[in-house]
Structure formats: structure tokens, C-alpha cells
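Visitor: Starting off with a structure, shown below.
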Ligand SMILES: O=C(O)CCC(=O)C1=CC=C[C@@H](O)[C@@H]1C(=O)O
Ligand SMILES: [Mg+2]
């Protein structure tokens, strides 16, 4: 772990953890079931760095198996970390499960960036060799859940009317032929100028996936995300070059699987969809994104349908990745929530884009007091 991302262990830092339950406006239908509520843990760091400068940072864990550990395991990991710091010990990020690690890695990065008077994306870009300047805004896609043809088309048309020029549709919850009909109907409704993606969450077997890819070859998908189970690497390789670009999500999005990625990954995927919550933090994700881009695999950053703290941090991650505004990112998930951790989103969506908050840190003082709401 780069020193910049370790939890600061100044003399008198204090870790606070508060739990929130964030209901969705309506359940998000996916191939692996419906998501109707998101439990999140807000993690605050307060105190002073060893040089006496104030240490104040905020992080968030939004556990979502199978991308991360369970809510219970996250709760325990954060309680143990809080106790370790309270008794003067040091927390080793490497020892934490992904969502808990994300919360502490983010809180530490936020505290350091606020101390240094820079945005999180500036700190993330500077922390890697050829960082360059982060993007000032990022393009984002709308997320369209599973549903009937009519409901899918209506949701797509609504997103386009709000200014989105990229739509990601969840597939895999119904027979392949129905999903290809849904996607074809969306294409017919929105025209050719809107980018269209589909995400199967690993629901299809090899034969179904090949049938889907062949049926979708003329729909003009930007990519098909995780068509087959995470571990079926040979199926991924076999799907390449059939007219639809292939993206991986579950295959690459747990620290454990980083060591078990199919190698060379560029033979298995055109795009990697990266989830900072699953990869254990913003710094970790930017490092993975740079490695993948060096290997010819494009990257997109998405939330795990997080609260505003983690979602805003993911915006900074997308802005810090070189060429990060080439593709739309899956960061417009705040609109899916009935209730968030703050009333005013510091990184709202406007016509399919999100402007990176001016900082310092994740969003300046926008999240001050978030744990007391
Ligand atoms: O990528 C997006 O548009 C938003 C995030 C998103 O689709 C997901 C977040 C978390 C779990 C899944 O339901 C889904 C995904 O698989 O990418
Ligand atoms: Mg996905």
C-alpha cells in the first residue's frame, strides 16, 4: 500500500463509525435479484497528524456481496479497527475486507487531501507516476434495471430526456430472447447516437451468452458486461471477436480475484468495470485502472450503489484515471436512492455529466456533520 493510503496513526486520531440504511426509490432488478436497500457505514477520522496539523476525513463502506464482505463482517472489521486506533495501535489496510478497507482508505485519503489543500482526484493523480491533471468533469451513464420491454423503453427514454447519452441496461433476469428484445426496442426508441450497454451479472452459460452475443451483434452495444460467471475465463475469451465488446466486472472486482485474474487479461476483456468498494479504496482502484490501461484494457468506474460519500469519491477516481472521460462511468446511482446520507449531493448529475467537487478532499466541508444527521 502506498504510504499515502495507510490510515494515519497520529497520536490522537479517533475513528467513529455510524451505520445508515439507504432505501432505493424502487427495487433495482438485476440478474441476481432485486436491490431495495443499501446498508452503509460512515467512518470519520478526527484528530491531528503527527506534525500537529488537523486530521479530519470521512469514508464510507457500502458492503455488497459478492463484490465485498457481508454487512456483518464489515461491521465487525470496522469495530475492530476503531478499537485498534483507540488503544494506540496502527490499522493495516491490507488486513481489512474490501468495503471496510474502502472506508478507512478513503477517510485517510480525504484527511490527507484536506490537509494538503488539494482535491481527492488531484491527490490520486499525483500519487501515480504519469498522473497528469485529473478531469474536471466525467461523463456518466444511466442505469436501467430489469423490466418489461415497455418499462425498459420508458426508463431509457426518460434518461435520454434528462440528458444521458449512455444507458446501461440490466439483463440476465429473464430468458435471453426477451433481453435481446428489450435491448433492440431500446435501440429503436433512442436511436444510434446513444451508447447502449448491457450487464448480465454472470447469469448466462456459454451457449446462452453466445446466442445473446450473436443476437445483439447488430444492436450496436458499446459492451456486454459480465455475460458469464466470474470464473469462466475461457468463456470470456470465446466471446471476444463476435461483434460485441466484452466487459468484466465480477471477474476483476475483488482483491482476491486480482491475483486470480485471467492472464493476459487483455485476451479476455475489452473493458474492465472497476468498483472502488470492491477493490478496497480510491487509491487501490486508480492503481488497478492504470495497470489495466497499460495492458490495453479500457476502464470504467462504477459505484456499488453507494451513499454520497463513496459515490463522490468514485467520481474523483474516474477523474483521476488517464483518459477517464473517454467513456461514461456508472456513477449516476444517487438517483436510485430514496434517501441518502446527505440531502444535498455535492456531485449532482447534470445532462449526463458530473462535475468533480472543488474540494479540498472529497467535497470540502460538504460532509462535515454527516455522521450526526
Ligand atoms: O454501472 C452502473 O450503471 C451502476 C452500478 C451498477 O450497475 C451495479 C452496482 C452494483 C451491483 C450491480 O447491481 C451493478 C453491476 O453489476 O455493475
Ligand atoms: Mg456489473
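All positions are counted from 1 along the displayed chain.
Backbone N, Cα and C define each Cβ position, glycine as well.
Automated prediction, rather than curation, is the source of TrEMBL annotations.
Feature annotation from TrEMBL assigns domain 'Mandelate racemase/muconate lactonizing enzyme C-terminal' to 149-246. According to TrEMBL, the active site, proton donor annotation covers 170. Marked as Mg(2+) binding site by TrEMBL: 199, 225, 249. Residues or ranges marked as active site, proton acceptor by TrEMBL: 275. As annotated by TrEMBL, region 'Disordered' applies to 348-373.
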Visitor: Taking a Cβ cut-off under 8 Å, which residues six or more beyond the ends of the region 'Disordered' (348-373) line up next to it in the same chain?
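Guide: For the region 'Disordered' (348-373), the list is 16, 18, 42, 44, 57-58, 106, 109-111, 113-114, 116-122, 134-142, 162-166, 308-309, 312-313, 315-316, 319, 328, 331-332, 334-335, 341-342.
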Visitor: With the Cβ atom as the reference point and anything under 6 Å counting, tell me which of the recorded positions (170, 199, 249, 275) are near ligand 1.
Guide: 199, 249
Visitor: Measuring CB to CB from residue 199 (Mg(2+) binding site), give everything in the same chain under 8 Å that is also at least six residues away in sequence.
Guide: 30, 31, 168, 169, 170, 171, 172, 224, 225, 226, 249
Visitor: Helix, strand or coil by DSSP: which one applies to residue 170 (active site, proton donor)?
Guide: strand
Visitor: Ranking the binding-site residues 225, 249 by other Cβ atoms within 10 Å, which is at the bottom?
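Guide: Checked 225, 249; of these binding-site residues, fewest Cβ neighbours within 10 Å: 249.
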Visitor: When you average the Cβ positions of 199, 225, 249 for the Mg(2+) site, which other residues in that chain have a Cβ within 8 Å of that mean position?
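Guide: Along the chain, the qualifying residues are 168, 197, 198, 200, 201, 224, 226, 247, 248, 250, 273.
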Visitor: Inside 10 Å of the Cβ of residue 170 (active site, proton donor), count up the other Cβ atoms and send me the figure.
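Guide: For residue 170 (active site, proton donor), the 10 Å Cβ neighbour count is 24.
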